[in-house]
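Asks: Found this in Swiss-Prot, in case it helps:
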COMPBIAS  33-45  compositional bias 'Low complexity'
COMPBIAS  174-183  compositional bias 'Basic and acidic residues'
CARBOHYD  Ser151  O-linked glycosylation site
MOD_RES   Thr15  phosphothreonine
MOD_RES   Ser19  phosphoserine
MOD_RES   Ser31  phosphoserine
MOD_RES   Ser34  phosphoserine
MOD_RES   Thr91  phosphothreonine
MOD_RES   Ser106  phosphoserine
MOD_RES   Ser158  phosphoserine
MOD_RES   Ser159  phosphoserine
Amino acid sequence: MADSKAKPTKAANKTPPKSPGDPAKAAKRLSLESEGANEGAAAAPELSALEEAFRRFAVHGDTRATGKEMHGKNWSKLCKDCHVIDGKNVTVTDVDIVFSKIKGKSCRTITFEQFQEALEELAKKRFKDKSSEEAVREVHRLIEGRAPVISGVTKAVSSPTVSRLTDTSKFTGSHKERFDQSGKGKGKAGRVDLVDESGYVPGYKHAGTYDQKVQGGK
């Protein structure tokens, strides 16, 4: 016999579904997050003039360099271009010794912090008559705002062969007729024999004066 009692049904879920967030509140939240990110970016410390110079020399001649580390070659160039090397108190040898002393044993580069340590070492030798702090400041002044000096620019070199080929006063034959005394080209007149159809004998100095004489006689 079938059970006449009805099975209890599950209570319907009366919890209302989550409504989508208020667009105005979402926009406000995104705006606040954006402002916070901008404030964080603005709060990032600016590079000092010394660190800017360090980065300029660090990337010099190396397209893959990041500017955060400096090779020994660029370190020597910085000391030379910024006149840290004076040839008396500080020499190229001194610069190389300090670099080897500061960098790690297995490293070939130095960081900005190590760079500052190296400058402190050189400052003692470069400005012996000043206190340690004053000497460091003087060395920093030599470097701040500086950039690598570009050298090895090709210059024009004069040679007898080049002079002979370019000096128009030494040209002969038909080539000589293509230039005037100042070396300026005559254009078409120097390349083509133009026919004189004026009726005057070549070399006649009074060409074109006949009409003036006739009018003057009237």
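From the backbone N, Cα and C atoms, a Cβ is placed for every residue, glycine too.
Tell me about the surroundings of these features in the structure.
Replies: Of all Cβ atoms in the protein chains displayed, 7 besides its own lie within 10 Å of the Cβ of Ser151 (O-linked glycosylation site).
There are 14 other Cβ atoms within 10 Å of the Cβ belonging to Thr91 (phosphothreonine).
DSSP assigns Ser106 (phosphoserine) to coil in the three-state reduction, placing it in neither a helix nor a strand. For Ser106 (phosphoserine), the Cβ neighbour count at a 10 Å cut-off comes to 5, with all displayed protein chains included.
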